[in-house]
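Sequence annotations record features per position, and here TrEMBL assigns ATP binding site to GLY259, GLU260, SER261, GLY262, SER263, GLY264, LYS265, THR266. Annotated domain 'Ras-associating' per TrEMBL: 29-130, in sequence order. Taken from TrEMBL, the feature domain 'Myosin motor' applies to 166-300.
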Amino acid sequence: MNLQDGGCSYASSANLAITGSMRRRLEDQEFTLRVYPGSLAEGTIYCPVSARKNTTAAEAIECLIERLHLDRTKCYVLAEVKEFGGEEWILNPGDCPVQRMMLWPRTALENRSGLGSGEDYRFLLREKNLDGSIHYGGSLQMWLRVTEERRRMVERGFLPQPAGNDPPSDLCALPELTERALLESLRARFRQEKIYTYVGSILIVINPFQFLPIYNPKYVKLYDNHTLGKLEPHIYAVADVAYHAMLQRRKNQCIVISGESGSGKTQSTNFLIHHLTALSQKGFASGVEQIILGAGPVLE
């Protein structure tokens with residue numbers, strides 16, 4: 001009986017140790033909070049903030065103030081909204097946004113693309129007036145639509161890029177060219193769902209392991225006959241430069257794609273061929289494209 005009791009006690013202690021380890025890993029796991037600053041930071045639709053389960057709203061606001069260069073003499077609060085244009089719940093400084101976010105429906109966590117979704121859960125950054133009231137600064141729906149249109153105009157080059165602390169699209173523009181600065185810049189762009197980054201004429205690609213709607217005919221037309229670096233980095237831009245250099249110089253062009261297994265080399269090759277065949281006016285699903293795509297596994 002004593003041996004059995006002792007065995008049970010040992011097993012319970014082991015289970016407690018495993019549970020404690022799993023709890024610590026969950027608390028140390030990083031999440032990305034999308035905080036919409038509204039009119040407080042024009043040109044910024046949302047600001048991604050890395051947070052853990054125990055990160056408080058006050059700590060998240062401090063990160064937002066630093067990244068968006070906001071006025072520190074003013075008071076800011078974090079608000080949670082569970083419906084597009086619905087009621088806002090103001091978080092206390094000690095509340096944990098990640099814990100609030102984990103209570104959202106799964107569909108709200110998977111589909112956070114923005115306008116027009118049925119249940120549009122999000123965090124907002126609001127300014128607090130001197131009398132303690134919240135300054136809302138107009139309709140959220142109107143601001144989102146205006147900001148989205150402004151972002152599209154900036155992408156097309158019709159408006160200048162907003163000045164700020166955003167990581168550069170070309171790593172050659174970094175003030176300090178170190179390995180740490182390179183990795184932090186790539187990590188920051190990845191969190192903004194920007195998987196492409198230039199290093200001069202070299203394109204760095206990070207596999208997002210998810211679908212991004214940046215490979216449709218609209219983007220093919222957008223990057224047609226554009227100088228490298230004029231728009232946001234994209235694999236279509238590299239294909240476009242090679243294609244037009246071949247026509248103008250009448251010389252063969254070579255694009256080298258390298259990376260580790262699973263980095264996305266095959267998919268990048270497919271995007272290159274897709275853009276090249278589109279530029280050559282052979283259609284988006286031409287026989288030539290399918291033949292080259294079919295030869296991909298043989299070449300590898």
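Glycine is no exception: its Cβ is also placed from the backbone N, Cα and C atoms.
Distribution of TrEMBL features across the structure.
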| residue | record | contacts (Cβ under 8 Å, 6+ apart) |
| --- | --- | --- |
| GLY259 | ATP binding site | VAL205, LYS265 |
| GLU260 | ATP binding site | none |
| SER261 | ATP binding site | none |
| GLY262 | ATP binding site | ASN207 |
| SER263 | ATP binding site | VAL205, ASN207 |
| GLY264 | ATP binding site | VAL205, ASN207 |
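Per DSSP, the domain 'Myosin motor' (166-300) is made up of 65 helix, 9 strand, 61 coil. The ATP site is set by GLY259, GLU260, SER261, GLY262, SER263, GLY264, LYS265, THR266; from the centre of their CB atoms, other residues of the chain with a CB within 8 Å are ASN207.
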